[in-house]
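Residues or ranges marked as domain 'SRCR' in TrEMBL: 28-72, 74-175, 203-245, 242-289. The annotation disulfide bond is assigned in TrEMBL to CYS39-CYS49, CYS100-CYS164, CYS113-CYS174, CYS144-CYS154, CYS214-CYS224.
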Amino acid sequence: MPKPARGSFFIKYTVKYGTSLGDEVPSGTGKIWKSYVACKGTESKLADCKHGKDQGTYTGCYHSYDVGVYCFNETLIPGNIRTVSGTLEVFYNGIWGTVCDDNFDDIDARVACKELGYNDGYFVGSQEYRYNVKRTIWLDNVDCLGNEDKLVHCTHAGWGVENCSPYEHVKIKCNNADEGTNTVFIVIILKNGNVLENTKTGGNLKVWLSNVRCYGGENKLTDCSHSDWGSHHCSHDKVVGIRCGEGQGDVRINSGRLEIYYNGTWGTVCNASIGDEEATVACRQLGYK
C-alpha cells in the first residue's frame with residue numbers, strides 16, 4: 001500500500017516551521033489516531049487539520065509508517081544537539097542556508113545563541129559545510145549591536161548578497177554559562193512526563209544518575225535526591241526515556257532518551273526508581289508544563 005501523506009511540522013528547538021522526518025523514527029504501539037493528514041500550514045494545532053476517516057476508528061496505516069517531526073526556529077545549529085555547537089543556519093524563503101564569516105564575531109554569535117534559547121555563545125570560526133553539499137549562503141557581513149532578539153534583526157548585506165567561498169560558513173557554540181554543567185537534555189525532543197523504560201539503548205554513554213526520587217515540585221532533576229554522581233548498578237539497557245507533553249490534541253514526538261551533563265561529559269539516567277514525578281521534573285526543566 002502507498003505511504004499516507006504526512007502533514008507534520010518540522011521541529012528542532014521551538015515549534016515554528018516544519019517538515020516530516022519520514023521513517024527515521026521507531027515504530028509505536030497502540031492506537032493510530034490520524035492518517036492522511038492535510039494541513040494548510042496556518043493551523044495552530046494538528047487537530048485542526050483535515051485527516052482521513054473518523055479519528056481512531058480506521059486509519060489504513062501501520063506503525064511502520066509512524067511519523068516523526070523536527071521543530072526549529074528561524075535559526076538552527078544542525079548536528080549534535082547535545083553539544084550545541086555547529087554550523088549556523090538561517091531559514092529564508094523556504095530554504096535553509098548558512099551565514100558567511102565576513103565580520104562575524106562573538107557579539108553576533110551571542111545574538112544567535114540567545115535566539116535559540118541559550119544564555120551565551122561565541123564565534124568558533126569558519127569551516128567548509130560538513131555535509132559536503134553546496135549550500136545557499138543567506139547572510140553576509142552580519143553586524144549585531146548585541147541587544148537584538150533575532151539574528152535577522154542585525155545589520156547585514158541583504159538576503160543572498162554575499163561574496164564568500166565554500167570554506168567561510170560560520171560555526172558557533174552556545175552555552176548556558178550561569179547554569180553550570182549540571183544540565184539536563186532530551187536527545188530526541190518530545191512533547192506531562194511519562195517514563196518510557198528501555199526505549200533506547202544508552203550505547204557507551206556513562207550512567208550519571210541512579211535511584212532518582214522526586215516529589216514532583218522540583219524545578220530541576222538535579223534538585224531531586226539521587227545516588228552519588230556516577231554511582232550505579234545499571235546496564236545500558238536500563239537507561240530512562242521520557243515523554244513530555246500537554247493536553248488532548250497536542251503534538252508529540254514518540255520517545256527519547258534522557259541524558260544529563262556533568263563534569264564535562266554527557267551521560268544517561270538509570271531507570272531504578274524512576275517514575276512519572278521524575279519525568280515531570282525533567283520535562284519542566286526543559287520548559288514543558
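Cβ coordinates are placed from backbone N, Cα and C, and glycine is handled just like the others.
Overlay of TrEMBL feature records on the structure.
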residue: CYS100; record: disulfide bond; Cβ neighbours (10 Å): 24
residue: CYS113; record: disulfide bond; Cβ neighbours (10 Å): 25
residue: CYS144; record: disulfide bond; Cβ neighbours (10 Å): 21
residue: CYS154; record: disulfide bond; Cβ neighbours (10 Å): 19
residue: CYS164; record: disulfide bond; Cβ neighbours (10 Å): 18
residue: CYS174; record: disulfide bond; Cβ neighbours (10 Å): 24
residue: CYS214; record: disulfide bond; Cβ neighbours (10 Å): 23
residue: CYS224; record: disulfide bond; Cβ neighbours (10 Å): 18
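Using CYS144 (disulfide bond) as the reference Cα, a 10 A cut-off selects none from the disulfide-bonded residues CYS100, CYS113, CYS164, CYS174, CYS214, CYS224. Secondary structure at CYS174 (disulfide bond), taken from DSSP and collapsed to helix, strand or coil, is strand. A straight line from the CA of CYS224 (disulfide bond) to the CA of CYS164 (disulfide bond) spans 50 Å. In the three-state DSSP scheme, CYS113 (disulfide bond) falls into the helix class.
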